Amino acid sequence: MHSSLHALPVLQDNVIWIWVRGAEAVVIDPAVAPPVRAWLEKRQLSLAAVLQTHHHADHIGGTPELLQRWPEAEVIASADDRERIPFQTMPVRGGDHVTVLGETVEVMDVAAHTRAHIAFFLPNPKGAEIRPLLFCGDTLFSGGCGRLFEGSAEQMHQALQKLAELPEATQVCCAHEYTEANLQWAVAQQPNNTVLVERYREVRSLRAKGELSLPSSIGLERRTNLFMQASSAAELGFLRSHKDQWRPT
């Protein structure tokens, strides 16, 4: 059965991911409902499940409305975030494996951005054009990582090292299009890093044409993401603090 992956840009910089198999779809972190509903209905697709990486409003805001339209859809979210994602129907924790659209999905504990943040990894999605998939919310961005709102640099370092161990070809489906700004900062830190500079040029060109830079890949992030390359929690914490305060000149 044919599978496909789609990115739906919404709001200022959110990206809602839609994974389709046959006549059913899975939606990841729907910030808002109307564009998702319109996209699915135009293609005569039913909503099978919603995957929630964490509780922030720009990730769960559209889910209740989508459930009104497709009340049988599962909502898979962290068991440790029941109070903040009260409409979840399938609570999970890191290390769990669930079946979604006939595919095995591994739940990964990547707490740092929030205390109960999880990611979803599909190691072997069916479909000739589909490589391994990682839906990582606000933990790993292309060229960056999430702010430490409820977690520590140690937790983020552990989370990124865990993600770095995934296969290089894994598609990194993060929830925001922050790549250009992230790489602008990174190039300012390492202006002689030719791999980084070239990636920044590529992304600037894509964004100038109104195209997304996502999905990235684990291999690309290993080569160009200073946070993933950090050798210690202390180094990551320094970089995160620096970027939080940095403004382009």
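In case you wondered, yes, glycine gets a Cβ from its N, Cα and C as well.
What Swiss-Prot records for His54, His56, His113, Asp138 is Zn(2+) 1 binding site. Taking the Cβ of His113 (Zn(2+) 1 binding site) as reference, residues of its chain lying under 8 Å away and at least six apart in sequence are, in sequence order, His54, Gly137, Asp138, Thr139, Cys145, Gly146, Arg147, Leu148, Phe149, Glu150, Gly151, Met156.
If you look up Swiss-Prot, you'll see Asp58, His59, Asp138, His176 marked as Zn(2+) 2 binding site. Every protein chain shown contributes to the tally, and the Cβ of Asp138 (Zn(2+) 1 binding site) ends up with 25 other Cβ atoms within 10 Å.
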Number of other Cβ atoms within 10 Å of the Cβ of Asp58 (Zn(2+) 2 binding site) across all protein chains: 18
C-alpha spacing of His176 (Zn(2+) 2 binding site) relative to His56 (Zn(2+) 1 binding site), in angstrom: 13
Among His54, His56, His176, the one of these binding-site residues whose Cβ has the fewest neighbouring Cβ atoms within 10 Å: His56
Chain-internal residues near His59 (Zn(2+) 2 binding site), provided their CB is under 8 angstroms and they sit 6+ positions away: Asp29, Pro30, Ala31, Gln52, Thr53, Gly137, Asp138, Ala175
